[in-house]
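Undergrad: This is the structure, below, for whatever I ask next.
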Amino acid sequence: MSDKELRVSKIRDGTVIDHLTAGQALNVLAILGIDGSGGESVSIGMNVPSDRLARKDIVKVEDRELSQSEVDVLSVISPEATINIVRDYEVVDKKRVERPDEVTGVVSCPNRNCITNADEPVASRFEVLSDGLRCGYCGTIVREDEVASNLDAA
Ligand code: CTP
Ligand code: ZN
């Protein structure tokens with residue numbers, strides 16, 4: 001790749017979340033609970049040209065790997081995403097996200113009366129639908145475009 005094409009520099013160690021649905025980068029940061037206050041080094045590309053997709057977003061987080069729950073929720077808003085683990089500048093692992101049957105944690109149920117929002121040690125659990133999530137406890141639907149605004153406070 002030529003210098004002219006390189007938009008976001010390579011990272012030494014961390015995770016490159018590539019082929020994100022264009023426009024989803026900030027929602028991905030929200031899923032990861034990253035708002036800049038934690039001191040992480042993060043690079044973001046939005047609406048950049050891609051071979052595989054017409055346009056994509058890309059997020060590079062240094063010194064951080066993602067939990068399975070984070071990857072599961074990410075797959076709901078960005079089904080084509082690739083998770084690349086980088087160590088010492090090399091991509092040592094590359095995985096396409098897979099849409100799971102259910103996601104636990106990370107997303108919170110918008111129904112205030114849901115047991116997952118009571119003072120009980122009940123973790124959230126949602127069934128994954130084609131266009132959103134359904135709470136496994138109360139049945140409330142969180143549409144795909146509502147996921148980012150219904151995340152557990154980090
Ligand atoms: N990357 C990075 N820092 C590194 C190594 C890779 O930021 N030290 C980024 C690359 O810029 C790319 C992504 O991680 O956006 C995946 O890298 P690589 O597998 O080398 O690129 P491609 O072969 O183009 O990936 P794919 O086939 O998944 O499109
Ligand atoms: Zn609920």
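Here the Cβ of each residue, glycine as well, is placed from N, Cα and C on the backbone.
Unlike curated records, TrEMBL annotations are generated automatically.
Sequence annotations record features per position, and here TrEMBL assigns Zn(2+) binding site to Cys109, Cys114, Cys135, Cys138. What TrEMBL lists as domain 'Aspartate carbamoyltransferase regulatory subunit N-terminal' is 6-98. Residues annotated as domain 'Aspartate carbamoyltransferase regulatory subunit C-terminal' in TrEMBL: 102-147.
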Undergrad: Identify all same-chain residues not among Cys109, Cys114, Cys135, Cys138 whose C-beta atom falls within 8 angstroms of the centroid of the Zn(2+) site's C-beta atoms; report them in sequence order.
TA: Pro110, Asn111, Ile115, Thr116, Asn117, Ser124, Gly136, Tyr137, Gly139, Thr140
Undergrad: Output: those binding-site residues from Cys109, Cys114, Cys135, Cys138 whose CB lies less than 6 Å from an atom of ligand 1, in sequence order; none if no residue fits.
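TA: With ligand 1 as the reference and 6 Å as the Cβ limit, the list is empty: none.
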Undergrad: Using other CB atoms within 10 angstroms as the count, which residue among the binding-site residues Cys109, Cys114, Cys135 scores least?
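TA: Ranked by other Cβ atoms within 10 Å, the binding-site residues Cys109, Cys114, Cys135 bottom out at Cys114.
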Undergrad: Which residue counts does DSSP give the domain 'Aspartate carbamoyltransferase regulatory subunit C-terminal' (102-147) for helix, strand and coil?
TA: 7 helix, 16 strand, 23 coil
Undergrad: What are the helix, strand and coil residue counts for the domain 'Aspartate carbamoyltransferase regulatory subunit N-terminal' (6-98) according to DSSP?
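TA: Taking the domain 'Aspartate carbamoyltransferase regulatory subunit N-terminal' (6-98) as a whole: 17 helix, 37 strand, 39 coil.
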Undergrad: Below 8 Å Cβ to Cβ and six or more residues apart, same chain only. Which residues does that give for Cys138 (Zn(2+) binding site)?
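TA: Listed in sequence order, they are Cys109, Asn111, Asn113, Cys114, Ile115.
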